[in-house]
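A.B. asks: Grabbed the feature section from Swiss-Prot, which reads as follows:
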type	residues	note
BINDING	Gln176, Gly194, Glu195, Gly196, Lys197, Thr198, Asp693	ATP binding site
REGION	1034-1056	region 'Disordered'
Amino acid sequence: MLGILAKLFGTKSGRDIKKLQPLVERINEEFQKLHALDDNQLRAQTDKIKGIIDADLSGIDKQIKEHHDKIAANPDLSIDEKEVVFQAIDKLELERNKELEKVLEKVLPQAFAVVKDTARRWKENGKLTVTATPMDIELASRKKNVQIIGSTAEWSSKWLAAGTEVTWEMQHFDVQLIGGMVLHHGKISEMGTGEGKTLVATLPAYLNALARRGVHVVTVNDYLAKRDSEWMAPLFEFHGISVDCIDKYQPNSEERRKAYRADITYGTNNEFGFDYLRDNMATDKDDLVQRGHHYAMVDEVDSVLIDDARTPLIISGPVPKGDQHEFAELKPRIQRVLEEQKKLINTYLVEAKRYIAAGKEKEAGLELLRAHRGYPGYKPLIKQLSETGIKSILQKTENEYMAENNKRMPEVDLPLYFVIDEKHNQVDFTEKGVDFITGEQEDPTLFVLPDIGSELAKIEKDKSISDQERMEQTEKLLSDYSIKQERIHTLQQLLKAYTLFEKDTDYVIMDGKVKIVDEQTGRIMDGRRYSDGLHQALEAKENVRVEEATQTYATITLQNYFRMYHKLSGMTGTAETEEAEFQQIYNLDVVVVPTNRSIARLDEQDKVYKTTREKYNAVADEIVELTEKGRPVLVGTTSVDISELLSRMLKMRNIKHQVLNAKLHAKEADVVAEAGKPGTVTIATNMAGRGTDIKLTAEAKASGGLAIIGTERHESRRVDRQLRGRAGRQGDPGSSQFFVSLEDNLMRLFGSDRIAKFMDRMGYKEGEVIQHSMISNSIERAQKKVEENNFGQRKRLLEYDNVMNSQRVVIYKRRKNALYGERLKLDILNMIFDLCEDMVFGAYTTKNYDNFKLRSISVFGVIPDITEEVFNKATAETLVKSFYEEVLAHYEQKIKFVKEKTQPTFNELQLTRGETIENIVIPFTDGKRNINIIAPLKELAQSDSRALEQAIERYITLAVIDMHWKDHLREMDELKQSVQNAAYEQKDPLLVYKFEGFELFKKFVYTVNADIVSFLFKADIPKQDTVPVRELKQQPVQQPKYRETKDEAGSAFGGGNANQQVEEAVAPPKAEPLRSQKIANRNDKVSVQYMDGSVKRDIKYKAVEDDLLSNKCVLIEE
C-alpha cells in the first residue's frame, strides 16, 4: 500500500529535491559565468558577496549599536529603563538572524558557484595564481602549497592532510550541490557512503562563513576533525576565510581560543560541548574560548546526535575524602560469591541434562531458568542452549514464571546469590547473597540499610533521653546510614564490574590503566572514566591503582547543547531509520539525496549458524576463498577480543592479514592505506566503519572489489549499514556478507526464539547454515526492538535533562552577565529588590516587624529606618519601594567608602609602578570568607572610574554562583536517584522530579541571591595598617584538576553502556604501575605497588605473598 502511494505522489525526499532543482540550474549558470574570470577576479567574488550581506543587514546592525551605545553612555539608567533596552537588543538579534537567512538564500547561487569553480580550477589546472595578500604571505610561511613569487602567490593543488600528501582531484556534482543546499537549510542530508560528504560540507560552510558569525563543523573523532580541516582548508583560505581545528590544541589555551575565532572551526562533538561547560566555569571573560552558537554542521549526524546523545557531558572535580574507599577490602567478598554462584550454575546445568535425558522437561526448564537468571553470559550455559530443543524449553519455562507480572519469579531466584538482567543491564543481590557476603562473626545488618524514617521517629518520641543524647543518637544514626549506603554502593558496583563488563570488549588494560572502548566506533575513549564508582570497581577488579572519586561541577546533554545553535544541520549515510527521532527531538527533517552513480555492491542474505565456533570457522573459510580470487577483504568485528580471536585463527591457516582495533589504533592510517590492495585481509572493529575511505587499486576492482564480512550483527542497523558502506563506493564493485550465530548477544537476547524453533523443526545439524530473507528480516526486527528501547532511554534522559536545562539557562545567563559586566548591575539591582520584597511581604502578613528588622540586619547589615509604626500602617508596596531605596543608598555609600579607602593606594601604585603593573589583586572579606578581586590598575587610579565596583560585583557574583551551583547539581543528582522509588507508589518519577527539582531551584536561587547581596553589603578590605593590595603576577597556565565526563545511558546489552559516566581526566598524569609479567620465586627480591599508591621496593616475594594473593598489591617493574 505504501509503495503504491509513493509511486502516485512520490516520496517526501523526492519532493524536497524537486524543489531544489531550479536552484541547481541557477548555480550552474553562475558557475559557467565564472569561467571567464581570472583567478584574481574569482577571489574578488568573496568580497563582493560579503558586501551584499553587509548592505542588507546595515539597518538592523545600526539599531543594535545604538542600543549598546545608550547603555554605555547612561550607566545610571533605572532598572526598568535598562530592562527595556536589553529586551530590545535581544529582539533585534533574533530579527537579524532571520534577515541573515534571507540574504544568504539570495547569494547562495553565487557562493556555491565560487566554491565549485575553485575546485574545478585546481582539478584542471593544478594551481591558482593571484596577487599576494598579507594572508597569502602568512600562509606561505607555514604551508608548502602556497608559494610567494615576487608579487604573486601560487596556490598548488597538492598539500598535506593528516600527514599524507593529497592531490586535489574533486569537483562538485549536482547531487552534491543538492546536499549542500539541504545542509544550508538546516536539515539532515542522507548521502550514500563514498558520495563525498566532506566535499559537500564546503558549500554551506563557505556560504555561512561569509556571515562572520562562526561555522562549527562537528565530527565523530579527532582524526577526522584534523584530517578534514587540513584537507578542505585551502578551498576556504584561498578566499580569505580562516579555518582551524580545536582538537589540535589543549583546552583553555590561547591556540584553542584562536581556533574558535576562525571563520570555520572543525572539532569533535565532545570538545565543543566540554568547551561550553568550561566557559561556564571561567572567572574572566578573557578565559572564554567559544564566541557563540550560530551554525553547526554535524558529520555522521546519527552517531553524534543519537548514539552519543545517551552520554551527557559532565565536568567533575575532587570531593573531600575522595581517596577513601573500600574497593580493595570488599573485592574478596565479591570474588567468593562469584565462585559460589558459578558452582551453583554448574550444578543446575548438570541437573538440567539429567532431567532432559529422563524426559522431565518441566524440571529441566526450572534448572535452566535458574542458570540463566544467575549467569546468562556463562559460556557452558550458552553452549547447552545451542543444542536442539533446549532454548525452547527455557523460553517456555520463563514465560510460565513471568506470567502475571513476574508473580512466580521469586521462586526461581530464591537459591541464587545474585540475579542478572542482561536486557536492562542490571544485577542485584538476593537475600541469600547478602547473607553469604556477611561474615559469621560480623553484624548481620552490615550490608542492610536501616529504615531511617522510623528510626528517627523513635529517637524523636523517646522521652527518656535528654536533648543532647537525642542529638548524638540522631547523628550516629545518620552517620551509620551514610557509611552503609556507601558500602552497599561499592559492593553493587564491584558486582557490576565482574558480571556486566568484559575485558577486551567493554574496556582494555593499557599502561596500567582501565581504558574504555567506545562500542559505536571501536576506539579507545582515552582518559575517559566511568563515574559513580564503577571505574574504580573495574580498577580494583583488574588490580590497577584505584583513582579518587569525583563530584559534578557542570553538566549538559548533547541534545541540549546542539539545540542552542541558531541553525543546526547534519549529514550521514544512515539517517532515514531514525527520521522520527530527528524530527521529534531536534526538529530536523531528513532528505535522502540520490547517489551520483548507482550502487554496484551485492548485499547477500545473512548466514546463520547455531554456535559461534561454527560461525568463525565459516568466516575463516570464506576469507580463504575470497583471497584466492585476489579480492581485498575487510572483516568487521564488534570487539577487540573477537578481532584477536580471528587473527589467531588466520595465523593457524597461514593467511597474511592486518588488524585494526582499539589496542592497535596507532597504525590506523597505514592499515587503511593497505586495505584496498588485492588479497589484503583486514580485521577491524567498528573503527573501520564511519569515515573510513578504502581506496581500491585497479587490480582489486577487476577481481570483484572489496568484500565485507560482518562477524556479528550490531544492535544498531546503522552500524551494519556503515560497515557495508565501506564497499561499493562511487559505483565500485563489491559485496557484503554477515555471519550470525544464535549465541551472539543480539540473537541471544532479542532475536533467536523463532529462528531456534525453525532450525530445530527443520532438523539443522551442527555446522549447517541457514540463509533466507525470513531470517534476515527476523534479525532486523530484533535490531528494531533494541533501537526502540534505546530511543526510549534517550527520550527519557532528555526529559530529565530538560528540567536541569531550564535551570542551567538561568544560571549560565547570570554568569555570562557577570563576566561581560554590561547587564550585571541590572542583575544585582534585581536581586536587591527581590530580597527587599521578600523581607517585607514575609513579615507584613503577620505584622512581624522584629522578623523584618532581623532579616534586614542579617542580609544587608542595615538597621531599617522604617519604624514599627510605619511598618504596620503603610501598604506593602510602599514599604518595598521605601526599603529598596534606603538599602540601595546604603550600598552606594558602602562602595563609595571602599573606593575612598583604596584610592590613595591605587594612585601611589600607578605613579610609582604604573609602567610595569597591569592588574592588581585586592582581598575582600565579609568576616567569614575571603575573595580576591582582580582589576586593572590604570582604571582603578582614575577617580571617576567604576572599575573597582564592577570588579567587586563580578568576582563575588561568580564565586557565590559557582560555590552553590555544584552543591545544587549534587542535590539534583541525588533527587534523580531517589525519585525512582516513586514508581512503587504508582507515581511518575519524572513528574516528581520536575516538582521537587523546581522547589530545590527556587531555594537555590534565593540562597545565591542572599549570599551575593550579603557579601556585597558586608564586604570590606581586611583591617591592616595599609591596604593589602598586590601585583597580579602571570602564572604559567596549569590544567585545572577536574574531569570531563560522559554519562552513559545504557543500551540493551553491552557493559560499556551500563548507565554510568565516562570521565576524561585533565589533571597532570600520575605515575602508574608497570605490572610485571614474570613469576617470582619466594626468595626473589621484588617491588610491589599497593592499591593506595604506596610502593615497597627490594623486598622478598614471600614477605608480600599474602598481599599479592589477596590482590592488595601488584608486582611492578622499575
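Just so it is clear, glycine is given a Cβ too, placed from its N, Cα and C backbone atoms.
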A.B. asks: Quick one: among the binding-site residues Glu195, Asp693, which has the most Cβ atoms sitting within 10 Å of its own Cβ?
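C.D. replies: Per the Cβ count, the most surrounded site is Glu195.
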A.B. asks: Could you list the residues of the same chain, at least six apart in sequence, whose Cβ is under 8 A from the Cβ of Gln176 (ATP binding site)?
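C.D. replies: Looking at Cβ-Cβ distances below 8 Å from Gln176 (ATP binding site), excluding near sequence neighbours, one finds Glu195, Gly196, Leu199, Val200, Leu203, Asn596.
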A.B. asks: Inside 10 Å of the Cβ of Lys197 (ATP binding site), count up the other Cβ atoms and send me the figure.
C.D. replies: 24
A.B. asks: Determine which residues of this chain, when Gln176, Gly194, Glu195, Gly196, Lys197, Thr198, Asp693 are set aside, have a Cβ within 8 Å of the centroid of the ATP site's Cβ atoms, and list them as they appear in the sequence.
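C.D. replies: Neighbours within 8 Å of the Cβ centroid, excluding Gln176, Gly194, Glu195, Gly196, Lys197, Thr198, Asp693: Met191, Thr193, Leu199, Val200.
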A.B. asks: Of the residues named as ATP binders, Gln176, Gly194, Glu195, Gly196, Lys197, Thr198, Asp693, how far apart in Å are the Cα atoms of the most distant pair?
C.D. replies: 18
A.B. asks: Give the helix, strand or coil assignment DSSP yields for Glu195 (ATP binding site).
C.D. replies: coil
A.B. asks: Write out the long-range same-chain contacts of Gly194 (ATP binding site), meaning residues 6 or more apart in sequence whose Cβ is under 8 Å from its Cβ.
C.D. replies: Asp693, Gly725, Gly728, Arg729, Gln730, Asp732
A.B. asks: Under 8 Å between C-beta atoms and at least six apart in sequence, can you list the same-chain neighbours of Thr198 (ATP binding site), or say none if there are none?
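C.D. replies: Listed in sequence order, they are Asp228, Trp231, Met232, Asp299.
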